[in-house]
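J.: Just passing along the structure, written as structure tokens.
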């Protein structure tokens, strides 16, 4: 359990972290999401006692980090992959960490095995790729078999196989009842791993919600209609009291409508339809809308972010999302296909980067896209040395 | 509190598992020994051409330590890298996450670096002395002569203190570029030059290296007007070291890693 209470960090007159208050609970993967420069890393560094908060408090199982003796047995952290002396071998790097916290030497071999670095254990880590460095950092986090794990952007630099591995590792750790706190700036990545979501922007808390709730709240659904008889359709739609949004490519978007009802409406007016498809706006879009006002560094030109779209609080269910001006409905940035948009029209090829979110959404992708969920292959993980009498009372 | 022995063990693993430790210490040993031996050979062969006053004030012990002016540069690199490599590689964040009690971490690092420097320093000074004296032939000093054992032991102590001074300074400066860029020129150029300039040298003789090197002299040089003896000199150096280590600790304790 990690508890933040009004945590604040200022550098001069710049506030990096602004009164953050939230709790990270055990048993689930908690995603920590925010655009670049939102204060995620600063928050994590304060958690580890590396940076001193300007004000506020952060506690791990009720204690400040500096009060933990042998902290690697409580909390393992991957801060950045290159927080490693490149001249030291992977084995020696882990050994010096293990020795400082009185973790037995054979745990070093165990974690090297877990992350798949046994073959390069005696190699100096400066020759490691980014992915290997990331794995070494993860090995360091797992070393003390801690109840709390914290990963800062763990998928950075990993190949698809590595991304898949770390996702399953995090889910497996959470399933064992551990606290898993993972930061990312990619909503799509979080949607696949996190059960709970904490979103910050410019150091402020924007959302603290379960993943499924976030998806429900933020995925704007609408029906896309394409017809050659545009004027007639517009009249018919207006007469039926529907809000029609014309998009740039000449199709209509009907927020909050039912596809079947729209088809029947068209039939009654004898209109030809070329497309009638229910759509859900991507989570990435929802995330960008949520953090639009707090993005630190905007790209030049007309950005993909709908300007000034404040996050709709949950208090207004049933109220259709406000129609957006044409051209801003779909971000020009081509998003990788989102498998949980199961009702989307054109079939999308399965992508190795995108596994369906295994949530309770009932909107999961086609079956062939769903890989079998495998818990990480570590049956007696950490059990060996813990119960062999070495464990100090704590 | 993390157990002291555990943190010491961890720091020992760190220091022995990087190449720079082996290279810098081996270089310090070799340069001091070989250069000292060469100088002793030269003095021995040129003895007859030396002036009488030079012969009278000839200090065989101090002569054999001549190589230290260059050998100490390798020690400076060692002392600086022991600490600043933690910052330059980012390892400091991993280290402090493992041992959040920063004073503990710092003490362990200083102790391990200091002990290693003491062992290497003593081996270097005694070997350098005996090799140098053997090459001086009839002009050599005996280890039992008055002040000689003190000078040889003091040379090892000087090397240890120099390393500790650099560890403390590196902890304050953090960056290896800054650490080496300030300390190397200071000990190799600034301090020797200033100590030869009139007026300024009355201040320069209180610099850590100038004061510390006093302990290696057995025969006082003719233009020596210092107000401290060999042990006084090493005490002055020790005060510098204590100040540097304290400064390094305060920086480590108070600043974000």
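The count begins at 1 with the first shown residue.
Yeah, the Cβs are placed from backbone N, Cα and C, and that goes for glycine too.
Values in this document were obtained by computation on a predicted structure and should not be read as measured data.
Pulled these from TrEMBL:
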- B:21-44: transmembrane segment (TRANSMEM)
- B:64-84: transmembrane segment (TRANSMEM)
- B:105-131: transmembrane segment (TRANSMEM)
- B:151-171: transmembrane segment (TRANSMEM)
- B:178-197: transmembrane segment (TRANSMEM)
- B:231-252: transmembrane segment (TRANSMEM)
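Where in this structure would I find these features, and how exposed are they?
T.: Away from its own ends, the transmembrane segment (B:21-44) comes close to residues 15, 50, 58, 60, 63-68, 70-72, 74-75, 77-78, 81-82, 116-117, 120, 123-124, 127-128, 131-133, 135-137, 139, 159 of its chain (Cβ-Cβ under 8 Å, at least six residues beyond either end).
Sequence-remote contacts of a segment are chain residues at least 6 beyond its ends whose Cβ falls under 8 Å from one of its Cβ atoms, and for the transmembrane segment (B:105-131) they are 4, 7-8, 10-12, 14-15, 21, 25, 28-29, 32-33, 36-37, 40, 61, 64-65, 67, 71, 75, 78-79, 82-83, 95-96, 99, 143, 152-153, 155-160, 162-164, 167-168, 171, 245, 248-249, 252.
Beyond its flanks by at least six residues, the transmembrane segment (B:178-197) meets 69, 72-73, 76-77, 80, 83-84, 162, 166, 169-170, 203-205, 207, 209-210 of its own chain at Cβ-Cβ distances under 8 Å.
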J.: Which bits of the chain, at least 6 residues beyond where the transmembrane segment (B:64-84) starts or stops, bring a Cβ under 8 A of a Cβ in it?
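T.: Here the qualifying positions are 15, 20-21, 24-25, 27-40, 109, 113, 117, 124-125, 128-129, 131-133, 136, 151, 155, 158-159, 162-167, 169-171, 173-176, 179-180, 183-184, 187-188, 192, 209, 213, 216, 248.
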